[in-house]
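Student: Following this message is one structure expressed as structure tokens.
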There are 2 protein chains.
Amino acid sequence: MDTIPIMKRHVLIFGLVGGVLIATLQYTEYRFVVIEHSVELYSALVAILFAAFGIWLGLRITRNRETIRETVVVREVLVPAEAPAPEPFAPNTAQQQTLGITARELETLTLIARGFSNREIATQLFVSENTVKTHCARAFDKLGAARRTQAVQRGKELGLLP
Amino acid sequence: MDTIPIMKRHVLIFGLVGGVLIATLQYTEYRFVVIEHSVELYSALVAILFAAFGIWLGLRITRNRETIRETVVVREVLVPAEAPAPEPFAPNTAQQQTLGITARELETLTLIARGFSNREIATQLFVSENTVKTHCARAFDKLGAARRTQAVQRGKELGLLP
DNA sequence: TGAAAAATCATCCGAAAGGGTGACGACATT
DNA sequence: AATGTCGTCACCCTTTCGGATGATTTTTCA
């Protein structure tokens, strides 16, 4: 499946989508010229396709900024001891720094702690399962964990996970 | 090629593809009957329109997430001398009863939560690994969990685990 | 602008985990 | 004696994980 050298994949995908779109249009032109009502049909299809694609793109281009903000916006607030149930959890960024755990790795860890499988995590993060496994492996290594349950345990001990 | 900030390259490429698409469509207009050209034009317009909409939507989604995160990220720093963490944890026996989780199963769950493998648990409990797996399977079934991390998560939610 | 860091993806392989089924003995209840 | 629960163990099979390695792309930063 991956025999294609991975160049500028975006351009490739764009080209493919565009090509397929054009081909489809031209093909349907011959086949369905007579059918007038099919215009709305594939207009709608194209619309849905591009809307989904646009959403994906929007998510993608803003994702990085989001992670930045996540690390930057941490402001420290003194909380009295009797404050019960401090639900908003902020990971111990100091620990994270010293261990060299990246934002993405921590993100993966939290999803592991919630009981998701690698595949589910991959879906939620819009990456491949292989990528998730890489994040896992590196996070485990930095945490000195051999299993995900152990990683979660360690993460909670270190204040990285709620 | 670009002195343009790389962040917006995606959008740029997208726009270019859109332009190419339109150009192609208009080119084909000359080669085919004039009657159909409105279809393609319409499709292209709809596509671009919805792509823009999708991007806007994607941006909006992530922006909301950001604002949420911004309000949520509050970090307590100095929780003065909390009571020395009364370690004795009492599992919610009521929940355990209603779920029909046996003592041995809960014991296994606890060790799972501490990050042990089945083999290690078997050693600690002086039973075979198969037995541990049986306990796991039954506990997972009663908790509605498919993975041990999920079982741990559920167990903590239900007050079965510390 | 160029190096470093981070994120992404893949492949191979072995180990661990999970599902299903069946079975057996101990023990308590009925 | 019959029944039921619990703990124990085994086998088979599939899926998921984890380790090791190499590569490319994107982002950050000096």
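Including glycine, each Cβ sits where the backbone N, Cα and C put it.
Pulled these from TrEMBL:
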- B:94-159: domain 'HTH luxR-type' (DOMAIN)
- B:12-29: transmembrane segment (TRANSMEM)
- B:41-59: transmembrane segment (TRANSMEM)
Student: Mind tallying the domain 'HTH luxR-type' (B:94-159) by DSSP state, helix then strand then coil?
Tutor: 50 helix, 0 strand, 16 coil
Student: Compute the average pLDDT of the predicted model within the domain 'HTH luxR-type' (B:94-159).
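Tutor: Summarising the domain 'HTH luxR-type' (B:94-159) by its mean pLDDT gives 96.
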